[in-house]
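Data first, discussion second: the structure below is written as structure tokens.
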Amino acid sequence: MQLLQSSVIAATVGAALVAAVPVELEARDSCTFTSAADAKSGKTSCSTITLSNIEVPAGETLDLTGLNDGTTVIFSGETTFGYKEWEGPLISVSGTNIKVQQASGAKIDGDGSRWWDGKGGNGGKTKPKFFYAHKLDSSSITGLQIYNTPVQGFSIQSDNLNITDVTIDNSAGTAEGHNTDAFDVGSSTYINIDGATVYNQDDCLAINSGSHITFTNGYCDGGHGLSIGSVGGRSDNTVEDVTISNSKVVNSQNGVRIKTVYDATGTVSNVKFEDITLSGITKYGLIVEQDYENGSPTGTPTNGIKVSDITFDKVTGTVESDATDIYILCGSGSCTDWTWSGVSITGGKTSSKCENVPTGASC
């Protein structure tokens, strides 16, 4: 009898253990987190992470760094952030083969109006940067709807990252928002940004360093346009193999721009601006300037950064009457081998201050 009872107990325990195994594996496969703390502590226990209506506490980062290879992250509901003056970031994601997505109807709202004071990163309140995609390699970010970043939107330092159909809407910051760059790219390779929609008050795209970068099918409204630079003065001062194409820039200070730092060294090469349409530009339609110092132009170009093998092809549109159509200020001998085709920017003034314009281009 004792032997029979022992056998029954053993069989019952064994069956319970077997039944528990699928439940445990399912938990590892998919997790839903409703707090930033739980997401941080449990992020490596699941292959699919759903972030549901998370309220990130003031002064904290929604920390999704060091994810397991192949993790999928889904933003669901509304993601919000507590108020504190600090540098951020509000969100940080890293890992390999990561997919960052959002559920239908989701939004990520920085509520930047709490920080906006017209000074951006140049003074006033200390404002947190929004989304660090650093070491987010062989990965993708798709379909995010982002609103009201306090300052910079995406800081990108990654390899093989695809960003598709992302919206950054800072239109509420027209009066007081400042330095709300959408995509800042540095020390990165093989970055592809496709189908971005941006309403902001600074660069729609700014590439400070990196190679094999594409930006296509973009819509940029209200900011400073599509920029290479500023290049120079950093540890990495090379921009090469960049294509910016099939995009619209409207109601912005600049259309397309290359800016390099005064008295610095570096390289800008094999950069193509193709099929770019401009309208409502208030400062410069097309600008290349090699005189940037402390964030402002000096009017005196230097030639330590070579700007070569540059293509402006079918960059067309209009600027406001008090704006300048085209402005090229190159250092002596530093702007070479440009291809200039189908460029037609009208409505503004013709600059009398262009210098060292390369053969084939016009100013």
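Please read every residue number as a count from 1 along the shown chain.
Positions of Cβ are set from backbone N, Cα and C atoms, glycine also.
In Swiss-Prot this protein carries:
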type     : residues      : note
SIGNAL   : 1-20          : signal peptide
DISULFID : Cys31-Cys46   : disulfide bond
REPEAT   : 158-187       : repeat 'PbH1 1'
CARBOHYD : Asn162        : N-linked glycosylation site
REPEAT   : 188-209       : repeat 'PbH1 2'
ACT_SITE : Asp202        : active site, proton donor
DISULFID : Cys204-Cys220 : disulfide bond
REPEAT   : 210-230       : repeat 'PbH1 3'
ACT_SITE : His224        : active site
REPEAT   : 239-260       : repeat 'PbH1 4'
REPEAT   : 268-290       : repeat 'PbH1 5'
REPEAT   : 302-347       : repeat 'PbH1 6'
DISULFID : Cys330-Cys335 : disulfide bond
DISULFID : Cys354-Cys363 : disulfide bond
Legend entry - Cα within 10 Å of Cys220 (disulfide bond) - qualifying recorded positions among Asn162, Cys330, Cys335, Cys354, Cys363: none
Inset, instruction - Measuring C-alpha to C-alpha, could you say which of the recorded positions Cys31, Asn162, His224, Cys330, Cys335, Cys363 are within 10 Å of Asp202 (active site, proton donor)? - result: His224
Legend entry - Residues of the parent chain within Cβ reach of the repeat 'PbH1 5' (268-290), under 8 Å, 6 or more residues beyond its termini: 225-226, 228-229, 231, 238-260, 262, 297, 301-303, 305-320, 322-331, 334-335, 343, 345, 348
Inset, instruction - Please work out which residue of Cys31, Cys220 has the most C-beta neighbours within 10 angstroms of its C-beta, and give that one of the disulfide-bonded residues. - result: Cys220
Inset, instruction - With H, G and I counted as helix, E and B as strand and the rest as coil, say where DSSP puts the residue listed as 'active site, proton donor'. - result: coil
Legend entry - Tertiary contacts of the repeat 'PbH1 2' (188-209), as residues 6+ beyond its ends and Cβ separation under 8 Å: 120, 149, 152-153, 156-171, 173-174, 177-182, 215-231, 234, 236-239, 242, 244, 249, 252
Inset, instruction - Using DSSP, break the repeat 'PbH1 4' (239-260) down into helix, strand and coil residues and give each count. - result: 0 helix, 19 strand, 3 coil
Inset, instruction - Sort out for me which one of Cys46, Cys204, Cys335, Cys354, Cys363 has the most neighbouring CB atoms within 10 A, since those are the disulfide-bonded residues we care about. - result: Cys204
Inset, instruction - With an 8 Å cut-off on Cβ-Cβ distance and a minimum sequence separation of at least 6, pull the same-chain contacts of His224 (active site), or say none. - result: Gln201, Asp202, Asp203, Cys204, Ser252, Gln253, Asn254, Arg257
Legend entry - Number of Cβ atoms other than its own within 10 Å, given for the residue listed as 'N-linked glycosylation site': 16
Legend entry - Other CB atoms within 10 A, centred on the residue listed as 'active site, proton donor': 26
Legend entry - Neighbour tally for Cys330 (disulfide bond), based on other Cβ positions within 10 Å of its Cβ: 27
Legend entry - Collapsed DSSP category at the residue listed as 'active site': coil
